[in-house]
Amino acid sequence: MVAYRFLTLISLGLGSHCVSALQYGYNQLSTHKDPAVVAGAFPAINGTHLRSPAFTSPGTVSRGFSDGTSGPTRDETMEGFMRRLARSNSWMAYHEAGFKSEEGRKFPYMYLSASSSSVENPSSRKLRVWLQGGVHGNEPAGDQSMLVLLGDLAANQKWAAKLLEKMDILVLPRYNPDGVFYFQRYLATNFDPNRDHLKLARQQTRDIKELFAKFSPHIATDMHEFTAGRAFGPKKDFIYAADALFSAAKNLNIDEGIRQLSEKLFAKRMGKDIEAAGLRWDPYITLGESSSSKLLLREAGTDAKIGRNAMGLSQCVVFLCETRGIGIADQHFERRTLSGLVMAKSVLQTAVDNFDEVYNTIERGIRRFTNSRNDIVLTDKSPIIERTFGMLNTTDASLFDYPIDFATTTPAEPVLTRSRPRAYLIPPSWPDIVKRLEVFGVKADKLPYSYVGPVEALNVTSVTFDKEFYEGVVTTTVETKLVERSIRLPPGSYLVKTNQKNAALAFVALEPENIDSFASFGIIPVNTGDQYPIFRLK
């Protein structure tokens, strides 16, 4: 098995508890529960009543949960809970996806609607909301918060009815059932499911993305957990104080109006709702490398291989919602799950309370993006600013604001841009590229005639290989020069028009300079001096 050291070293989710080499199954992290002094800073919240199997049926909790070798809720327990809710509530429909995990496990999901709509035939003038958890199998508060949300909706019929007046909701609690079974971050094949959204290496990724594209949501959330015990400072005696870290989608090819809606309405409301629940939050970050002695934290990035940005590039509002939980087994599980629940409910309530603004802004953003002739962004940078970040002293549990350098992506700054093509031309010898685009929800027309005429071509001027493996490949940084030429392509070539909602996913995949492009991952291999085999129409 490949040791994905580059991935594990930079990942906040794994942090200092990373697995340095992988085997088949049970790639579990060591458990380091909070000592008593730290645990005292994360007490149970008075009045909390969570309606999901881990809390209402404690006898169903797996024995390994207490020592960090399993999650709390088995597949069959989760499925039974969901089925019972669906039988008792006409507006809840239990479904099993028409595909299986890599080891043959099911994907149950709930479709919530006050009408007779479906994934294939959604309600008109309603928001479509996609909620998912369990992408990483060792982050149990992610899927549990989705189950608690379902339980809350069933117990609060008036609130559910108010939501469903304005939206249809699809809840996929467990994105990675094999990872949950092994209590590991990865898929069964040891690919990271949250790094496969562009290259689409695994069929499971493709299947779920096709369901997502079919539903075509206006709003989505992705529920995760982050490492609890990552220590900082000269004495390694302080840790993140937050219960919750969150981030909107940041890629600059998402319509600016949609990004502004995410930051100025949803993010502000989410922070207030977390505080109102007696919890603490900060923006989602990863640890950066700095030449100075000052701690550098990087705000959630713009890379499209991450689910948050990949979903956002379909022109929707997306939030990554992370709770403090990796590495501490069952400790503070009620508080962790509550943190996820508060964030998910905040997104739903904000959308309903501001329905006209939210619906109209997203729909206008989709139209504006679809008809835009503005340049597209291929690479960007994160300006460094000074700010503070909430920390907790592990010796006395005191809370304090620690000064840091902060690489911000709110917003990122464009570095390399290029004119937006009217369409891409793909030769018939690349049907696998077209299939990937179709998984994204991008439409491609197969031409019954030869194409003869002018195109924009990209001549490769530089290819630089990374120094390490990344999920089994050596990624590349590609530079090109745009030239004009005439070309003859045979019948069966593909025309991918860019006046479509999901075209931004084609931009990041097909423009070679993008960090997550098909060229970067070797799906379309290129070398210096080559002419890139995908062509642009002005």
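Backbone N, Cα and C atoms are what each Cβ position is placed from, and that goes for glycine too.
Going through HIS49, HIS197, HIS218, HIS224 against Swiss-Prot, the one listed in the Zn(2+) site together with HIS136, GLU139 turns out to be HIS224.
Under DSSP, GLU139 (Zn(2+) binding site) is assigned to coil, being neither helix nor strand in the three-state scheme. Distance between Cα atoms for ASN46 (N-linked glycosylation site) and HIS224 (Zn(2+) binding site): 24 Å, as a whole number. Each of the glycosylation sites ASN46, ASN393, ASN459 was scored by how many other Cβ atoms lie within 10 Å of its Cβ, and the smallest score goes to ASN46.
Using a 10 Å Cα-Cα cut-off from GLU139 (Zn(2+) binding site), the recorded positions that qualify among GLU322, ASN393, ASN459 are GLU322.
Considering only the recorded positions HIS136, HIS224, GLU322, ASN393 (N-linked glycosylation site) has GLU322 as its nearest partner by CA-CA distance.
Counting in whole angstrom, HIS136 (Zn(2+) binding site) lies 11 from GLU322 (active site, proton donor/acceptor) by their C-alpha atoms. The two recorded residues, GLU322 (active site, proton donor/acceptor) and HIS224 (Zn(2+) binding site), show a Cα separation of 5 Å. Rounded to a whole number, the C-alpha distance linking HIS224 (Zn(2+) binding site) with ASN459 (N-linked glycosylation site) is 41 angstrom.
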